[in-house]
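Trainee: The structure is given below, and queries will be raised subsequently.
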Amino acid sequence: MSNKQETKILGMPPFVVDFLMGGVSAAVSKTAAAPIERIKLLVQNQDEMIKAGRLDRRYNGIIDCFRRTTADEGLMALWRGNTANVIRYFPTQALNFAFRDKFKAMFGYKKDKDGYAKWMAGNLASGGAAGATSLLFVYSLDYARTRLANDAKSAKGGGARQFNGLIDVYRKTLASDGIAGLYRGFGPSVAGIVVYRGLYFGMYDSIKPVVLVGPLANNFLASFLLGWCVTTGAGIASYPLDTVRRRMMMTSGEAVKYKSSIDAFRQIIAKEGVKSLFKGAGANILRGVAGAGVLSIYDQLQILLFGKAFKGGSG
């Protein structure tokens, strides 16, 4: 716990500094990875797009998806949905970084006093709780980003899109499905966010003081690689939940919907096989570079601005 003399940093409370630093680094890294992000979403949700008549045939992998998307829509189309993603990701990641330390303080476990296992469990719990809390505020933006990214402009459809932008997604969804349409898939999202964010933050905070020591301490490359490994593992562990929630999102505005997340799991596995739950996972691993960048850039900003005196965020 910080004492009273350490409550102000650059004239701002640590909570505010944490919020701003986390959000800025997240927005920059997500914009850089936007093309990978969209390809991942297209491959992941292609079966729902085919059922809705918005895609004429399946993609034969990440390379084929990239080739067809740029041919049909142009290079800049790889950033479609990025505006919504930045708007969504700024508060999401910023709130994650900010609230995680609040939750961590609530658990109050110390590695030297309570042991490594309990300290690590506290990190996992605080990371998961922070992610689930922030999800309540930004879920509809995640929904809108998903619909925009999967709004393919296929040659067969004459180039017509379903949505004309972020506001149009909200307008059409509210008209067809009401508020429920904006929150379809929220259940598996909560489960997925706890698994992913819990590992994303918890494992990074727990492993970092063990691995990034000696010559590796404050090393950008080592911090980046550790962050990439953590995001990759967390992403694979939670990927089936991510697939189900996004497939449920894609049914808003459609005549046929999944009855529940369990029904979605059952139907996808029965009709497409278990491997369909992992479609786009390869692109998701590449996308992990963005998440790793968030953590490592955040740590470097702490070193430059606070000389590691401030221990918010991933510190």
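Every residue, even glycine, has its Cβ placed from backbone N, Cα and C.
Quantities reported herein were computed from a predicted structural model and do not represent experimental measurements.
Straight from Swiss-Prot, here's the annotation block:
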- 1-13: topological domain 'Mitochondrial intermembrane' (TOPO_DOM)
- 14-37: transmembrane segment (TRANSMEM)
- Lys30, Arg88, Tyr89, Asn96, Tyr196, Arg197: bongkrekate binding site (BINDING)
- 38-80: topological domain 'Mitochondrial matrix' (TOPO_DOM)
- Ile62, Gly81, Asn82, Thr83, Leu166, Arg184, Gly185, Ser260, Ser261, Gly280, Ala281, Gly282: cardiolipin binding site (BINDING)
- 81-104: transmembrane segment (TRANSMEM)
- Arg88, Arg245: ADP binding site (BINDING)
- 105-115: topological domain 'Mitochondrial intermembrane' (TOPO_DOM)
- 116-145: transmembrane segment (TRANSMEM)
- 146-184: topological domain 'Mitochondrial matrix' (TOPO_DOM)
- 185-213: transmembrane segment (TRANSMEM)
- 217-242: transmembrane segment (TRANSMEM)
- 243-283: topological domain 'Mitochondrial matrix' (TOPO_DOM)
- 284-304: transmembrane segment (TRANSMEM)
- 305-315: topological domain 'Mitochondrial intermembrane' (TOPO_DOM)
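I'm curious about the neighbourhood of these features; can you describe it?
Mentor: Under DSSP, Tyr89 (bongkrekate binding site) is assigned to a helix (H, G or I) in the three-state scheme. Counting every protein chain shown, the number of other Cβ atoms lying within 10 Å of the Cβ of Tyr89 (bongkrekate binding site) is 25.
Averaged across the topological domain 'Mitochondrial matrix' (38-80), the predicted model reaches a pLDDT of 94.
Its Cβ placed at the centre, Ala281 (cardiolipin binding site) has 20 other Cβ atoms within 10 Å. DSSP classifies Ala281 (cardiolipin binding site) as helix under the three-state reduction.
With a threshold of 8 Å between CB atoms, the same-chain residues lying at least 6 positions outside the transmembrane segment (81-104) that come near it are 15, 18-27, 30-31, 34, 37-38, 41, 122-123, 125-127, 129-131, 133-135, 137-138, 141-142, 144-146, 148-149, 151, 166, 169, 197, 201, 294, 298, 312-314.
Here Arg88 (bongkrekate binding site) comes close to Val138, Leu141, Asp142, Ala144, Arg145: these same-chain residues lie at least six apart in sequence, with C-beta atoms under 8 angstroms from its C-beta.
Residues 1, 121-122, 125-126, 209 of the same chain lie 6+ residues outside the topological domain 'Mitochondrial intermembrane' (105-115) yet bring a C-beta within less than 8 angstroms of a C-beta in it.
Within the same chain, residues 81, 84-85, 87-88, 91-92, 95-96, 99-104, 106-110, 166, 169-170, 173, 182-186, 189-190, 193-203, 205-206, 249, 252 sit at least 6 positions outside the transmembrane segment (116-145) and bring their C-beta atoms closer than 8 Å to a C-beta of that stretch.
Within its own chain, the transmembrane segment (185-213) is flanked in space by residues 96, 100, 111, 116, 119-120, 123-132, 135, 139, 142-143, 219, 222-223, 226-227, 230-231, 233-235, 237-238, 241-242, 244-249, 260-261, 264, 291, 295, 314, which lie at least six positions past its ends and keep a Cβ under 8 Å from the stretch.
Same-chain residues lying 6 or more positions outside the transmembrane segment (217-242) and placing a CB less than 8 Å from one of its CB atoms are 44, 188-189, 191-193, 195-200, 203-204, 207-208, 211, 265, 277-278, 281, 284-285, 287-289, 291-296, 299-300, 303, 308.
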Trainee: Could you give the residue numbers and ranges of same-chain residues that sit at least 6 residues beyond the topological domain 'Mitochondrial matrix' (146-184) on either side and whose C-beta is under 8 angstroms from one of its C-beta atoms?
Mentor: 37-38, 41-42, 45, 48-49, 54-56, 69, 72-73, 77, 80-81, 83-85, 87, 139-140, 246, 248-253, 257
Trainee: Which has the fewest other CB atoms in a 10 Å radius around its CB: Lys30, Arg197, Arg245, the listed binding-site residues?
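Mentor: Checked Lys30, Arg197, Arg245; of these binding-site residues, fewest Cβ neighbours within 10 Å: Lys30.
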Trainee: Name the residues of the same chain, 6+ apart in sequence, whose Cβ is under 8 Å from the Cβ of Asn96 (bongkrekate binding site)?
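Mentor: Non-local contacts for Asn96 (bongkrekate binding site): Gly22, Gly127, Ala130, Gly131, Ser134, Arg197, Phe201.
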Trainee: Can you tell me which binding-site residues out of Lys30, Tyr196, Arg245 are within 10 A of Asn82 (cardiolipin binding site) by Cα, answering none if there aren't any?
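Mentor: Of Lys30, Tyr196, Arg245, within range: Lys30.
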